[in-house]
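Annotated Mn(2+) 2 binding site per Swiss-Prot: D358, D369, E532, in sequence order. Marked as Mn(2+) 1 binding site by Swiss-Prot on the basis of similarity to another entry: D369, E492, E532.
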Amino acid sequence: MTRTMVVTVRFCTFLINVDDEWDANPWLPEQVSLDPRPPLKHRPKLNFDMSAFSSRGMRLARTLQRRYTRRPLPTYQQPTPFTFRILPAEDREWCSISTMAIAENYEDVLKGKYPAKEHARKVAKWIIEKGGDKNGTIYLEAQKQKLNEDNDGEAPFRQRRYFFYLSGCELPDSYLTYEIPNDRLTLFIPPVEPEEVIWSGLPMSVDEAKAKYDIDDCKTTRDINAHLTSTSESAQSTIYAIPEQVSDNITFLSYKDKEFKQLKPAIEYCRVTKTDYEIALIRKANEISTAAHIAVMKAASKAKNECELEAVFLKSCVERNAKNQAYHSIVAAGENGATLHYVNNAAPISEQNLLLLDAGCEVDCYASDITRTFPIKGHFNEESLAIYKIVLDMQHQCINALKAGVLWDSIHELAHKIAIKGLLDLGILKGDADAIFKARASVAFFPHGLGHYLGMDTHDTGGNANYADKDVMFRYLRVRGTLPERSVITVEPGIYFCRFIIEPYLKDEEKKQFFDEKVLEKYWSVGGVRIEDNILITKEGIENLTPTPKEVDEITALVQSA
């Protein structure tokens, strides 16, 4: 016998048929209230049919699935007992969710202002705790609008992240000051230049900037030196700036002290932990990039060249008003996937089995970074499926091990140990697992770090990497140390069959004993498999910000659906 459970998630109500022998209490979160009937015995068997959903409906259903069951979603074509509709309030009688994941309702969060003042206070607090001047002033500059060399065309503009973090302002040629004792944030934007208006239209006005940004005052850039002089004379204080980001026309002469070493590390440290608004931006970037990844999966079987699929991804992002990419897309078919940062994206697609797509858009200076590997024609061959399952297991286990305070080095080690077990099972590696780990032989297949912080930069600040590490397993690990709550980190294990990397191991007297070259020969054509999600670290665990399909049945169904 089954019953219908009603669950409300983000203003929409789901009807789910569940097994009658269900004990909800052990697995529902505290925020869920159940109707007071006797507990049942087992978890519900939840099945989801996504085929008729809009993109928003799919997102809601995925939210529900992630929160209420650990079972993966089945293929989209399967009929299931799952239904979706809006119910009147009087019919919502089983349970409802009263709170959400952090910034899960990102559209609502982003209706507010970017929290520039909160960031400024956070940076000032760090400076003061390090012995800085509590009466000081922070000064930052936006990126200058530049022309391409030898012509009058404008170069692509990318806002300075240090400036944006304390302003939320995307305008070039701007300045800001933050007076620490007065908690006063002032933005300086370019004035109206009549000749420029002829070509580019009216720029943002001072009043518009005051309304848009989380600032206390706004002036034009003509006022910056007068403002700095008045601030320094009134406080006889210290100016904090980034030396290589101070224009020649700016004067700090009237300040008692000029401090050029603390501000940059202060901002880099503070950027590691994210506000709700920042998390909302990363969620939105992930949602847009997910739609683009799905579009590529659906287009893959008919593509003739990697560049066609890169175009599909870019088109999907731009259609959703995400015109900037967080990094150059990697669209690698077959053995091209063995090159970690392959960016040529111009090779023909013919007999290759796999496509590795590492691509993510940027939303208001915040990045997404997603990698999916899938069979171009919708069917894995034996070798590629075996490697894919190992990498997927690496990612699942590593994500499940995460929470605030976890040592990232240990998660990276876990990924290698899972890879070793999988490669031993396939016969690619041979011998004792511990001996293979100690010899670092698995680095031949997994040479990069497990992940990196994500935020305004794809490889975000604060990771404390040690690229001089003599231990090859950790040399390219971009994050060292423990993970703080509210940091966002990528988890991107991979296994690659790159001759340039592996062949030296086959010639090494100490390490060659661990490789079966005859078995290895069957796997060169796999190229590389990488799976990457963006993970928010919480006190008790994680929230996965990346809803992009990755289970075998999901991705094969999407490719075949074309």
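Every residue gets a Cβ built from N, Cα and C, even glycine.
Shown here: features listed in Swiss-Prot, placed on the structure.
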residue: D358; record: Mn(2+) 2 binding site; CB count, 10 Å: 24
residue: D369; record: Mn(2+) 2 binding site; CB count, 10 Å: 29
residue: E492; record: Mn(2+) 1 binding site; CB count, 10 Å: 24
residue: E532; record: Mn(2+) 2 binding site; CB count, 10 Å: 24
Length of the line joining the Cα atoms of D358 (Mn(2+) 2 binding site) and E492 (Mn(2+) 1 binding site), in Å: 10
Pairwise Cα distance for D369 (Mn(2+) 2 binding site)/E492 (Mn(2+) 1 binding site) [Å, integer]: 10
Spatial separation of E532 (Mn(2+) 2 binding site) from E492 (Mn(2+) 1 binding site) - C-alpha basis, Å: 4
Collapsed DSSP category at D358 (Mn(2+) 2 binding site): strand
DSSP three-state assignment (helix, strand or coil) for E532 (Mn(2+) 2 binding site): strand
CB-centroid shell, 8 A cutoff, Mn(2+) 2 site D358, D369, E532, site residues removed: I330, A359, G360, I370, T371, T490, E492, R530
